[in-house]
Amino acid sequence: MTEKQVEAFDKTQTSGSKTEDDSERNDGLSKEIDYKIDDVPPWYVCLILSFQHYLTMLGGTVTYPYLISPHLCIPDDDPSRGYLISTTFFVSGIATFLQSTFGARLPIVQGCSMTFLVPLLAILHLPKWECPERNPNITLTFDEAAEIWMPRMREVQGALIGASLIEMIIGMTGMIGFLLNWITPLAIVPTISLVGLSLFAEAAHSASGHWGIAMFTVMLMILFSQSLRDVSIPYPRNSSKTGWTTGKFPLFKLFPVLLTIVLSWSFCAILTATNVFQEGSPARTDLRLSALKNSPWFRLPYPGQWGMPSFTTAAILGILAGTLASAIESVGDYYACARLSGADVPPKHAINRGIFMEGLGCVISGFFGSGSGVTSFSENIGAIGITKVASRRVIQYGSLLMIVFGMLGKFGGVFVTIPQPILGGIFCIMFSMVTAVGLSTLHFVDLNSSRNLFVLGFSLFMGLCVPKWIQANPGAIQTGSDSVDQVITILLSTNMLVGGFIGFLLDNSIPGTDEERGLLTWRKENSGESSCSCSKTYELPYIMNSLRKISFLRYLPISPTYEEGRMKNKLYSFRKYLKREKSSQVSGVI
């Protein structure tokens, strides 16, 4: 690197080199930002920082295909597992570019979300989609295995597409604001918490291959993400102003998952090479090398690569629960990202457009067949606060990196070789954090209220109880119609839907004050008012002059020219006109 390049790179990595900005922005939150949201750093700085964002989302993205592959009946050594990982990266890149360029236009990375996993597993646990028993003496060819798992994937694709179209409608019509009036903290807590609680069996199953390696992974994760999170790694840097000095890089705060996987993976490789693990042990790193060997160097994911999606009402309604949960979570992420980026509070048209674009990303994901919808990644939003770089261009570069790596077949195949117990340890940490994030919403609520304790406890208990009973009695729902049976079975098998619906129903029907229910603080935090509804940050590129000339776009909630209340005023004027006409007709008759 030249001195100028090093100086530009250091500018993005260090946060203490400048005095803090004393001006208050967004409720008094003051942040020193080296590159603001509309700034364009040099291309090499964009490339370096975009790779950092890519690494930040890597751990969470790789784990999802691992979780869903066994339920799709994909064999362990099938290269299709690698294709699924590559497709996930490819689709995440497309969705990230669309969101940061045309959606909310915030520096937000889009990736797969665990909120989609629970309803997807409920669908795949239906009797018709249970994996057939295999004869260990018979080895299926890849084509024979594809005949088993691809129909299941097509069912998942159709469900994602159908539910995501509804999310697009919610964004386009501005309904998300209306829904937030009824979806309260006591409805959110069981919905999100049950995502983590319901997946404990998946974590235990993965870790049971070798509990020693799983616990080693857990200890590394705790060490990096908690004990060493505030420890920075010194590195030499050279500046034309200060000369050679020592910079600090927050390695453990940025990449705890990646560091844990790499070190645990390396440890397993050493134990495999020295034959400490017996042949066939799930902790061996050579157990799935055939998947890497059979993966092509280059493979372009394309829509319909697993066949034409199949659509069923039951599956779509099941996935809709995950879609709504991810949309509500994303609204909070938009406000958090704007605060960390030093941008104005997002106006309503930007929020609506963000939800619309997230729905479009999920539709694209459904057609490509990644097995998951996409939503905003909170980890990458946190990275903005650490690096002090909020440039939209950096995220756009990152989306291109995701697309490029998604086309490298060997790259996806490498991750298939990660031993299952390592992922089991990662799952133990990740799912517990999902549960804790859901419970953290309780800080809005008065926990000294017996009413609130009842709503919380009953919704959590029933969210675990009912799906467990359905799982133990798969043929219990018999209405006389197979389609209705499937709909009810999927809905009652989805923990987050059962618990969230009960919490929603009880909290909105049992008497309680707004302060007691936590609504006053909740609405204040989730309904910021932009200081400038026409902020250039949220304007669409290149076409704003044309959009301003089209008058009807002022009524469209996703348009940057949207004027809230304009439609209501028009309807009010029309009603007054009808009343005047009616009264004049009556006067004429008299």
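Using the three backbone atoms N, Cα and C, a Cβ is placed for every residue, glycine included.
Quantities reported herein were computed from a predicted structural model and do not represent experimental measurements.
What TrEMBL records for 1-10 is compositional bias 'Basic and acidic residues'.
As annotated by TrEMBL, region 'Disordered' applies to 1-27.
Sequence-distant contacts of the transmembrane segment (42-62) (same chain, at least 6 residues past either end, Cβ-Cβ under 8 Å): 5, 8-9, 11-12, 85, 88-89, 92, 109, 111-112, 254-255, 257-258, 260-261, 377, 379-380, 383, 387, 389, 391, 393-398, 400-402, 405, 415, 418, 426, 430. The transmembrane segment annotation in TrEMBL covers 42-62 (among others).
Feature annotation from TrEMBL assigns transmembrane segment to 83-102 (among others). Residues 57, 61-62, 64-65, 68-69, 74, 108-112, 295, 299, 301, 305, 353-354, 357-358, 360-362, 364-365, 368-372, 374, 376, 392, 395-396, 398-409, 411-412, 415-416, 540-541 of the same chain lie 6 or more positions beyond the ends of the transmembrane segment (83-102) yet place their CB under 8 Å from a CB of it.
Same-chain residues lying 6 or more positions outside the transmembrane segment (186-204) and placing a CB less than 8 Å from one of its CB atoms are 67, 114-115, 117-118, 321, 325, 328-329, 424, 427-428, 431-439, 441-442, 445, 452, 455-456, 459-460, 463-464, 467, 495-500, 502-504, 506-507, 517-518. Taken from TrEMBL, the feature transmembrane segment covers 186-204 (among others).
Panel annotation: around the transmembrane segment (211-228), residues 252, 255-257, 259-260, 263-264, 267-268, 283, 419, 421-422, 424-426, 428-429 of the same chain, lying at least six beyond its termini, place a Cβ under 8 Å from a Cβ of the stretch. TrEMBL lists 211-228 (among others) with the feature transmembrane segment.
Feature annotation from TrEMBL assigns transmembrane segment to 254-277 (among others).
Taken from TrEMBL, the feature transmembrane segment covers 394-416 (among others). Residues of the same chain lying 6 or more positions beyond the ends of the transmembrane segment (394-416) and with a Cβ under 8 Å from any Cβ of it are 35, 41, 45-47, 49-51, 53-54, 62, 79, 81-94, 96-97, 100-101, 107-109, 288, 291-301, 380.
According to TrEMBL, the transmembrane segment annotation covers 422-445 (among others).
What TrEMBL records for 452-470 (among others) is transmembrane segment.
Look at TrEMBL and you will find 486-506 (among others) tagged as transmembrane segment.
Per-stretch counts of Cβ pairs under 8 Å to the transmembrane segment (422-445) identify 254-277 as the leading one among 254-277, 452-470, 486-506.
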